[in-house]
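If you look up TrEMBL, you'll see 36-57, 78-97 marked as transmembrane segment. Residues annotated as domain 'FAE' in TrEMBL: 95-384. If you look up TrEMBL, you'll see Cys239, His318, His402, His406, His435, Asn439 marked as active site. Taken from TrEMBL, the feature domain 'Beta-ketoacyl-[acyl-carrier-protein] synthase III C-terminal' applies to 401-480.
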Amino acid sequence: MRSEENSSSDGVQIQQSRRLPDFLQSVNLKYVKLGYHYLISHLLTLCLVPLMAVIILEASRLNLDDIHQLWLQLQYNLVSVVVFSAILVFGSTVYIMTRPRSVFLVDYSCYLPPPHLKVKYQQFIEHSALTGDFDESSLEFQRKILERSGLGEETCVPEAMHCLPPRTSMAAAREEAEQVMFGALDNLFANTNVKPRDIGILVVNCSLFNPTPSLSAIIINKYKLRGNIRSFNLGGMGCSAGVIAVDLAKDMLQVHRNSYAIVVSTENITQNWYFGNKKSMLIPNCLFRVGGAAVLLSNKSADRRRSKYKLVHVVRTHCGPNDKAFKCVYQEQDNAGKTGVSLSKDLMAIAGGALKTNITTLGPLVLPISEQILFFVTLVAKKLFNAKIKPYIPDFKLAFDHFCIHAGGRAVIDELEKNLQLLPVHAEASRMTLHRFGNTSSSSIWYELAYTEAKGRMRKGNRVWQIAFGSGFKCNSAVWVALRNVKPSPNSPWEECIHRYPVQLAL
């Protein structure tokens, strides 16, 4: 999330509460139980598969005489044959009906803004000064935020923000939304050869721009999608809404057979730029940039061969019952009546608590048994014998090959790298995405995945962890497994610049 508040120019001290809490200090046992509940919920499948394997193995050992003797016995025992057949049919039916359908990621496309939308640091500050809305203190604050943000000189703001005065009209906001969504979708349809009318499910998420008709309706109208499409428009759910949208599409694909689903994740800047002088509301201006992604999902078994990834898990954590968490990312008006998104000084601590809950639930689903045993034993020992015993923090590098940490800000990436004990290469995709594209909100995890592919690092069987934070407060995770050695798709956002990355970032 937007995490650079500790860069305030008016002497605000960096407080411990603004850092992610040390995960070694406490882990809640109930979330461990929740993770194991998810595991046990698929117990039937876990039991039936080995049973069927044993039956097939034993059957393979029978010779022709054994089969003939078995046939003779069954001829004179009709009841046994009927009972066995009934059990076999019933068991097969239960397995087929309860088995979740596989969800494949056929392909995805990230929007690449045109070069004329790029904004350099100095251009950003000069343009902000010329609007006449910011005092000297606010301009200096934004300058320091930019210098320490991790953003590079090639991030983009919408066309409307390059004008003087900025065009913040509804028409300009629609224009930005259409450019981003249509740009990503046009490329996705071209790369996959899927016809728009073949799409059965559409999920669009955009937190701060929700016009009427909705963004999903705009897409349906543009591409003439079929009349019985299941469409959804998610608003106000922050930077983690991309994972929520994937989860919703996954649930819909469990119900509707042989279907394609498209997820479009974006954010709109035009009508959500803050033109005031409240420091906590100026940070999004410095971090958020133009971006969006379109993702094609399928539950068709025939699509497995051409798909890039298979969805393995989605784990969602919501801290909304906590008042501080609820208001730590909050859209409001300042004393002058100007609207913006305010970031609380408690944001980092709240994000850390949400992350701790999320990974504690995710752990039993993805970690090797050795890590789970160490984690569980130390946790039980802490609860039963000594409160001062530090729980064992599992090594998630054993569970995942690639990490897509939401590029919300440099501080968030730094703290996650530290607390999850990651290597610099694991956070590279997130840092370089932040540097090249800025915080593109819910779509940032797709730019990061595209970076990994562009570097040629994605191999068959590799596991990817996408993790994002959002207002409310939420922490959501998606786990994918690569179905093949994945190469970047045509017109990747990194196509023209990947040779320049990684870059050395200033400290």
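Glycine is treated like the rest: Cβ placed from N, Cα and C.
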Distance [Cα-Cα, Å, rounded] between His435 (active site) and His406 (active site): 13
For the domain 'Beta-ketoacyl-[acyl-carrier-protein] synthase III C-terminal' (401-480), residues assigned helix / strand / coil by DSSP: 38 helix, 20 strand, 22 coil
His318 (active site), number of other Cβ atoms within 10 Å: 19
Model confidence over the domain 'Beta-ketoacyl-[acyl-carrier-protein] synthase III C-terminal' (401-480) (mean pLDDT, whole number): 95
Cβ contacts of His402 (active site) (under 8 Å, same chain, 6 or more positions away): His426, Ala429, Leu449, Thr452, Arg457, Met458, Asn462, Arg463, Val464, Trp465
Within 10 angstroms of Cys239 (active site), Cα basis - active-site residues out of His318, His406, Asn439: His406, Asn439
Asn439 (active site) and His406 (active site), distance between Cα atoms, whole Å: 8
Integer Cα-Cα distance in angstrom, Asn439 (active site) to His318 (active site): 22
Lowest local Cβ density (other Cβ within 10 Å) among active-site residues: His406, His435: His435
Cβ neighbours of Asn439 (active site) where a neighbour is any other Cβ within 10 Å: 30
